[in-house]
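Chemist: First the structure, which I've put down as C-alpha cells, then a few questions once you've had a look.
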C-alpha cells in the first residue's frame, strides 16, 4: 500500500509530536515533514512534496491564513486542512476563502481528525455538520446569518485584534507579525473605525473579552 504523505505545520512541538503519532500509526499515511512557521513550511513543501498539509491558524512569526495563500500560489491542488483551537464559526469560512480544503478544531477526538484528513485527501471539503448546515442555510436563504462585528475585519485586522486581546503591546505585535510599528498602528485605527470604538481603551476591553469568550 502506498502511504499518503502528511505534513504538519504547528508552532507547538508537543502538538506536532502527538499528531505524528496518530498519523504514523495508520496503515495508509505517514508524516513526511514538520514546520513551525510559514517560511519553514514552504521550504519543506517544496522539498518533500506532501500529499496533504495540516496547518494551524496561529504560527510562529506568521499567520496560517497567509501560509494557505502562499501554498495556493505554489500549488492550486495541494490539499490543506486547518487544525486549530480557534472557534470554527469564526474561522472556517475565512480559511476556505483563503484556499483551504477543510477546518477542524483541536477539541475533536483523533478518530474525527483522521476522518477529516481522509475526506480532504479524497478530494472533498471537511467542516463539522453544524458548520455545513450553516453554510447551506446561508445559501438557501440567499443571505448570510447576522454578522458579528468582527466579520467586518480583514484577516490581518482580526489577527491584530486577537493579539491585542492577549495583552501584546504594539511593538510586540509588530515583532510577531514582522511588520512595522506604524503599520500596526494603522491596523488598530482601522479596527476602531470599523467597530466604532471611541478610544484605545474600548478596543482593549473588547479584545480581551473576545479572546476570553473563545477559550
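Residue 1 is the first one shown; counting continues down the chain.
Every residue, even glycine, has its Cβ placed from backbone N, Cα and C.
Look at TrEMBL and you will find 5-121 tagged as domain 'Response regulatory'. Marked as domain 'HTH luxR-type' by TrEMBL: 146-211. TrEMBL lists 56 with the feature 4-aspartylphosphate.
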Chemist: Can you count the other CB atoms that lie within 10 A of the CB of the residue listed as '4-aspartylphosphate'?
Modeler: 23
Chemist: Go ahead and report the DSSP secondary structure tallies for the domain 'HTH luxR-type' (146-211): helix first, then strand, then coil.
Modeler: 49 helix, 0 strand, 17 coil
Chemist: Mean pLDDT across the domain 'HTH luxR-type' (146-211), rounded to an integer, is what?
Modeler: 86
Chemist: Residue counts in helix (H, G, I), strand (E, B) and coil for the domain 'Response regulatory' (5-121), per DSSP?
Modeler: 57 helix, 29 strand, 31 coil
